[in-house]
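Beneath this line is the structure, given in structure tokens, with notes to follow.
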Ligand SMILES: O=C(O)CCC(=O)C(=O)O
Ligand SMILES: [Mn+2]
């Protein structure tokens, strides 16, 4: 067959689960003052990612708890679940203490943890917060994962499945300046090109984003509502409880 007549779609008999070189292809974003983000758009192959998506969507005991935000009780605007190694201190966020399921209950998560460790040499995660966004109305507001149990410079590895959503990082206002940049919506500011204090990423199916250094101390992050989105996204954040 001449090259011109090659089939357009080549079906691999054994598509790789872990994309080897592609998996570790990464871009580093220096946020300044010791904060840093690494993005690996193809951490997992598309087929492996759909396998995991389907498993997580149907096997995880998702809940939508009441949490406290600015002193008011509300339903968390996404489903959640927590997995952690035995003997760790409890996680509490927004007045909510999730039940810690064990890794052994979810073998595909144990396997994924190994792949994450392989892609990030020297990392050692022992807990996992899972989020499911059922559509564009589900979101996570501005926050940082700066709970004491993660220490002062936590490394957090975030793996995404399903529907692509925008993920924003916004620098916390410095205590000295009269910073009014928070007044304008983040999405508008991000579109205005080069605001160095606002970064956005479209988190792809099978991607991994790592926040490290002082990112939790100096920046907040969010996944805002999106009116046009009507598909499910699942996000897993691997963390080390010290
Ligand atoms: O869904 C995401 O990409 C982020 C989730 C997150 O920030 C969190 O669980 O703390
Ligand atoms: Mn977070």
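Easy rule for this one: first residue shown is 1, then count along the chain.
Using N, Cα and C of the backbone, Cβ positions are placed for all residues, glycine too.
Please treat TrEMBL annotations as automatic predictions, because they have not gone through curation.
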Please identify the range among 172-196, 197-221 that TrEMBL labels region 'Disordered'.
172-196
Enumerate in sequence order the binding-site residues 70, 72, 133, 146, 233 whose Cβ-atom distance to ligand 1 is under 6 angstroms.
none
Would you measure the largest Cα separation among 70, 71, 72, 146 for the substrate site and round it to whole Å?
21
For the domain 'Fe2OG dioxygenase' (124-242), provide the mean pLDDT of the predicted model.
91
Please list the DSSP helix, strand and coil residue counts for the domain 'Fe2OG dioxygenase' (124-242).
16 helix, 50 strand, 53 coil
